[in-house]
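Structure record follows, encoded as structure tokens.
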Amino acid sequence: MKNKRSQNSPYVTPNNPYLTLEKALGYSFKDKRLLEQALTHKSCKLALNNERLEFLGDAVLGLVIGELLYHKFYQYDEGKLSKLRASIVSAHGFTKLAKAIALQDYLRVSSSEEISNGREKPSILSSAFEALMAGVYLEAGLAKVRKIIQNLLNRAYKRLDLEHLFMDYKTALQELTQAQFCVIPTYQLLQEKGPDHHKEFEMALYIQDKMYATAKGKSKKEAEQQCAYQALQKLKEAK
């Protein structure tokens, strides 16, 4: 079992090896065992790992982020709010928030995961972030989680709006497929129709020669982003 912060690190104190993490988070755990559980991946083969906390954290974060978006984007309809939430409540979105507090440096993973750079994997890092937020919820309640998430969103995203996040789907998918399959997705133009001033493009997305999505858009780029969004949802459901 490995923890990246060595005892010689300036970030480690004898009484609290997680002091810097808690400062970045803006919350100090009363029960450090709960914090350690949230940071412990199942690969460690310990009696307590973060899987149960991850389950709770997923529900807590879905509610908190949904509420924040509901109040912030009063002009968005249900469809736009759902797309916006899906881009944040995802492995890519939670990994982005986790890296804002350098959570990867504190994960407890097995030696084999350490060798394969497991602490940087979106699946492991995002799950640990969900577990961490569940721990905060259990100790301090929903209001504290809400405050932490609001702060992290402001730090992790220069612009929190549908257009900006939507344009990040291709990047998110590429990072995920490289981590899971060691390949990047490919896009193919299926159809182009309409006059020059009103073109419509239909694109297909493939991962390892398997078609994952098709979508239409006013440009190839827009259609590719739609494809990437669909593929991300399929991979999330298959997790």
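Every residue number used here counts from 1 along the chain in the order it is shown.
Here the Cβ of each residue, glycine as well, is placed from N, Cα and C on the backbone.
Checking the candidates Glu51, Glu54, Glu200, Glu202 against Swiss-Prot: the one annotated together with Ser127, Glu130 at the Mg(2+) site is Glu54. Highest Cβ count within 10 Å among the binding-site residues Glu54, Glu130: Glu130. Asp58 (active site) and Glu130 (Mg(2+) binding site) have their C-alpha atoms 6 Å apart, to the nearest angstrom. In the structure shown, the C-beta of Ser127 has more C-beta neighbours within 10 angstroms than that of any other entry among the recorded positions Asp58, Ser127.
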